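Below are the structure tokens for one structure; questions will follow.
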Amino acid sequence: MTSSRQSAATAPSQDLSQVRFPEGFVWGTATASYQVEGAVHEDGRGPSIWDTFAHTPGKILGDDTGDIADDHYHRYPEDISLMADLGITHYRFSLAWPRIQPEGRGQLNAAGVDFYSRLVDGLLERGIQPWVTLYHWDLPQPLEDAGGWPARDTAERFAEYAAAIHDRLGDRVPDWTTLNEPWCSAFLGYASGVHAPGRTEGPAALRAAHHLMLGHGLAARALREQGARDVGITVNLYPVDPVTDSTADRDAARRIDGLMNRVFLDPLLRGSYPDDLLADLAPVMDFDHVRDGDLATINAPLDFLGVNYYTRHVVRAGTRPAEPRPTNWVGSEDVEFVKRGIPVTAMGWEIDPDGLYETLTRVWREYGPLPLYVTENGAAFDDKLDADGRVRDEDRRSYLEQHFAAAHRALTEGVDLRGYFVWSLLDNFEWAFGYSRRFGLVHVDYETQARTLKDSGRWFAEITRANGL
Ligand code: FCB
């Protein structure tokens, strides 16, 4: 995706009062098990790679852990009430595999299944559709000990787990997402090592990426055999632009687009790896881990694609660092990432709503047609809980408004966008950043676990009810 930054994406005079979404549009909020649940030792839950990682000193800012998080495991009824106040139609959450299969295989842990069963029932009672993600990064530790995602067996174990839990919840849950952001699991987990399990073995990240997708394909097949209605996957996509039009910068953008976006989109939606990606990686590794039939399994039709969008990458050709450091960009370590000096969120991520428009229209143009959902979008800012009990987060409201408008522009151009999930319902454990970054529509006081709807949440409640801006 090159030099599209100056394209028709910008709509200078978009009248926001005209922004109406189609009837039946899905409005939701999203969370993930390790980020909100806490209760890590309760009711037979086993350890995940995130428990191990977070308890390794120096891995997480402030050495925070998910041990307690938002205590959602106990407070979910209150959290469901908050969702009802927000007027959302759907709640996207993930299942903690180690609650359901503490060893990552075999017998299901009845108490773990029961928790999710109660959560699903509680949502349905309030008229909120559960939208389940099977894997949002909390791999059972015993499976990592056996090799983790770089090992093929993990894909088989994932499909077994998926079928077993779908068998218990599938009667009440229509929408199933296999994986959240396999890029993060593979590259942050096994290449740069900034996420669990913290390994820094570049080629292992590519093997992990393949086995994650294989696990997706095997799980999707198993769920369909059980009569699942809607099965999809969520990927995190970024437009990747070259900082100049030079051949070298454009090549840098092509390489990063390959390692970030096309490494997943092509196998999932075309049944092949991009030739240029394989050529880029040839000096570093072979692809012997790809077996006959894998790509057909991975390429089985999707009922929807979930897109998580946060920002854009702008890159330039640089020089290979003299002291190699672990990076996510296996085989392309020389590429440099450029900041443009535009406003950023508390994550340091540049605020670029046009990038959402570009991402949705690109997927549609190059890989579609298929139903799309924005399964995550949102922003961290330095929120303050004022003395009068309000969080005046105009920055977050404005961020969301601009991104909703960008998504709407994609819709008006024919993209089959069916819904939008805000990240996140609650402030929560933001991975390597611990509790220092707040993404919620609802503020959480981590001392008392008190929840306070932020101003952005009040505003969002109007959007969901008006189905427009
Ligand atoms: C995404 C993750 C989600 C959250 C947001 C900010 O990459 O899927 O869990 O951390 O980023």
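The backbone N, Cα and C atoms fix where each Cβ goes, glycine too.
Relevant sequence annotations retrieved from TrEMBL are reproduced here:
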BINDING   Q35, H136, N180, Y310, W423, E430, W431  substrate binding site
ACT_SITE  E181  active site, proton donor
ACT_SITE  E376  active site, nucleophile
Helix, strand or coil: which one is Q35 (substrate binding site) in, per DSSP?
helix
Taking the centroid of the Cβ atoms of Q35, H136, N180, Y310, W423, E430, W431 (substrate site), which other same-chain residues have Cβ within 8 Å of it?
A32, E181, E376, S424, N428, F439
Across all chains shown, how many C-beta atoms besides its own are within 10 angstroms of the C-beta of E376 (active site, nucleophile)?
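If we count other Cβ atoms within 10 Å of E376 (active site, nucleophile), we arrive at 25.
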How many Å lie between the Cα of H136 (substrate binding site) and the Cα of E376 (active site, nucleophile)?
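So the alpha carbons of H136 (substrate binding site) and E376 (active site, nucleophile) sit roughly 12 Å from each other.
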Given the substrate binding site residues Q35, H136, N180, Y310, W423, E430, W431 in the record, what is the largest Cα to Cα distance, rounded to whole Å?
18
By a simple count, how many Cβ atoms lie within 10 Å of the Cβ of E430 (substrate binding site), its own Cβ left out?
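Cβ-Cβ neighbours of E430 (substrate binding site) within 10 Å number 20.
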Sort out the sequence-distant neighbours of Q35 (substrate binding site) for me: same chain, 6+ apart, CB within less than 8 Å of its CB, listed by position.
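Non-local contacts for Q35 (substrate binding site): G66, A69, D70, H136, S424, N428, F429, E430, W431.
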Within the chain of W423 (substrate binding site), which residues six or more apart in sequence place their C-beta under 8 angstroms from its C-beta?
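Listed in sequence order: T29, A30, N308, E376, N377, G378, F439.
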